[in-house]
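What TrEMBL says about this protein:
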DOMAIN    B:19-231  domain 'MacB-like periplasmic core'
TRANSMEM  B:20-43  transmembrane segment
TRANSMEM  B:267-288  transmembrane segment
DOMAIN    B:271-394  domain 'ABC3 transporter permease C-terminal'
TRANSMEM  B:315-342  transmembrane segment
TRANSMEM  B:362-384  transmembrane segment
Amino acid sequence: MNDIILQAVHIDKSFREQPGIPILSDINVDIQKGEYVSLMGRSGCGKSTLLYILSTMDTDYKGELYIDNELMTGQKSNHLAEVRNEKIGFVFQFHYLLNEFTVLKNVMLPALKMARLPLLDIETKAMEWLNMLGIHQLAPKYPNQLSGGEKQRVAIARALINSPCIILADEPTGNLDKKNSDLIFDIFQQLSDNFGQTLLIVTHDPGFANRTKRIIQMEDGRIV
Amino acid sequence: MKLSADIARSLLMARWKQSLVAAIGVTFSITMFIGLLSFMTGLNKLLDGLILNRTAHVRLYNELQPNPVQPISMAPAYKNYYHFISSVKTIASDKRVEGIALKINTPVFFNEGSVQIAGSISGIDVQAENSLFHFNDYISQGSGNDLALIPNSIILGKPLAEKLVANIGDQVFITTTRGDIFPLKLVGYFATGIRDFDKVLGFTSIKTAQKLINKPSSYITDIQVKLFDINKAPLVAKEYSQLFNTHAEDIQAANAQFETGSFIRTLISYMVGITLLIVAGFGIYNILNMMIYEKMDAIAILKATGFSSTDVKTIFLMIALSIGTFGGLLGLLGGFLVSLLIDGVPFHAVSLPGISTYPVNYNPVFYGIGILFSLVTTFLAGWLPALKASKVDPVVIIRGK
């Protein structure tokens with residue numbers, strides 16, 4: 001039981017405006033520590049909606065959500081923010097880097113927010129991750145000087161900085177060309193193989209999904 | 001907190017031009033506010049001073065000495081001790097009283113050849129009058145102290161002296177109410193700024209005045225009382241009036257219109273300052289709103305990566321307040337410079353000797369109010385946008401891409 005990182009129990013969601021039509025119905029998901037999971041499905045099947053519920057950002061649902069064995073449902077938004085900061089790393093389709101800060105500062109931000117480590121240690125850690133992702137030379141640059149693939153790698157470094165329990169990614173290669181997509185695949189693969197990182201990737205790309213260890217297939221708001 | 005400040009600073013610097021414009025709005029309004037208020041109250045002080053500085057806060061004006069019922073005898077304990085001087089001591093030892101000046105007012109005729117001009121002479125205690133009521137400020141030529149030094153001397157209002165064709169050093173002849181003709185030596189001119197006064201008034205020492213009306217050296221007609229707190233005048237006047245069984249007039253009753261005038265002028269200055277600040281506040285509101293629309297992505301990712309709504313609100317309030325602080329402080333400096341500028345503008349009024357530039361009141365209170373206003377306004381202007389930013393739903397933004 002203890003190594004379940006993320007657990008969703010009987011999750012239902014429907015639009016507020018149209019209460020009759022369900023988007024998600026009776027979703028039950030367990031993700032074990034170290035698992036590399038992809039969430040597959042056609043667009044509109046509710047896989048992104050599920051991801052945002054699992055990420056604690058969307059709190060408008062029925063059912064129960066546990067992260068690291070802690071009940072998230074019904075928690076205050078400030079507490080959820082802390083949980084996201086500490087336990088979840090995000091990678092989105094778009095990079096969402098802050099143009100006002102250097103690459104290094106962007107990576108450091110979540111750790112600075114958590115404020116558990118002294119500044120120097122955070123910097124060292126950020127540089128380690130950038131190094132591991134092969135982009136340490138970009139550290140002093142600003143995001144608008146980077147290519148799309150580089151930005152996405154910086155976003156991954158940012159997701160990793162607080163050593164999260166799980167990384168949630170929403171179509172992380174959606175905006176990238178083939179070469180860069182492959183690069184991102186490789187990075188996720190490495191994170192899973194070498195670091196035992198738990199990953200949940202939303203994708204509609206079967207090629208990508210096939211490389212993960214477990215595929216959750218969704219259709220019309222249900223898991224099949 | 002430090003991190004929030006860091007982010008706020010970065011966002012501010014990213015749009016530094018707009019931020020600067022917003023700050024200049026605040027600067028401008030605070031500058032105007034302080035400049036206006038300093039000038040207005042400076043002017044108020046000057047104009048009120050014309051009357052208020054020269055006027056006793058409480059004036060006791062029965063002819064005390066010849067009064068058969070002595071004020072002090074009203075208190076049973078002192079029935080056998082009555083002497084006028086005791087009442088003066090009573091007043092002088094009152095903690096609310098800054099000082100008293102004794103005075104004799106008497107009507108006289110100024111003689112110009114065969115023509116007699118009706119007027120009056122005030123016999124004053126020059127030193128007390130000077131320290132309490134700034135007598136020397138109104139002497140345009142000659143010296144007030146000569147009144148005390150030179151026997152039988154007089155200082156006339158400049159227009160009166162011109163009418164009498166009298167220069168300093170000349171003899172002026174006056175006719176007393178008893179019909180005696182008295183020569184007095186003119187030792188100076190004064191100008192109060194109120195011409196009607198200057199046309200009929202002369203000052204002598206108390207001793208000279210007593211001689212004019214042929215009274216002993218204990219005789220006076222008025223006790224002028226100056227209080228530390230002018231607002232207590234009505235109360236004190238009422239008290240003394242009962243205590244000494246004499247007429248006591250307070251300055252508010254005597255010059256009610258001055259208070260009203262000062263109040264209205266100050267009110268107008270505040271209104272203008274606040275109006276300007278509200279306009280500046282809308283500027284800040286606009287800038288922040290724009291910034292929030294531009295930085296939706298940044299807000300979304302900050303919230304996704306663990307910044308709470310409170311953090312986001314803090315960041316935007318910090319932006320608003322730093323605009324307010326920066327603009328406000330510059331405004332204080334600007335206000336001071338404007339005050340200096342006004343203070344340097346030449347201003348010559350015939351009736352106001354001793355004033356050569358526009359009056360400015362450098363009251364630190366205005367600067368305190370100015371910076372407080374700028375902070376309060378920017379805080380209020382930043383509040384709504386900050387609240388809006390804190391309510392941004394990251395899911396909506398991120399999924400919308």
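In case you wondered, yes, glycine gets a Cβ from its N, Cα and C as well.
Note: TrEMBL annotation is automatic and uncurated.
It is B:20-43 that, among the stretches B:20-43, B:315-342, B:362-384, forms the most Cβ pairs under 8 Å with the transmembrane segment (B:267-288). Same-chain neighbours of the transmembrane segment (B:362-384): 26, 29-30, 33-34, 37-38, 41, 273-274, 277-278, 280-285, 288, 316-317, 319-321, 323-325, 327-329, 331-332, 335-336, 339, counting only residues six or more beyond its ends whose CB sits under 8 Å from a CB of the stretch. Per-class residue totals from DSSP over the domain 'ABC3 transporter permease C-terminal' (B:271-394), listed helix then strand then coil: 97 helix, 2 strand, 25 coil.
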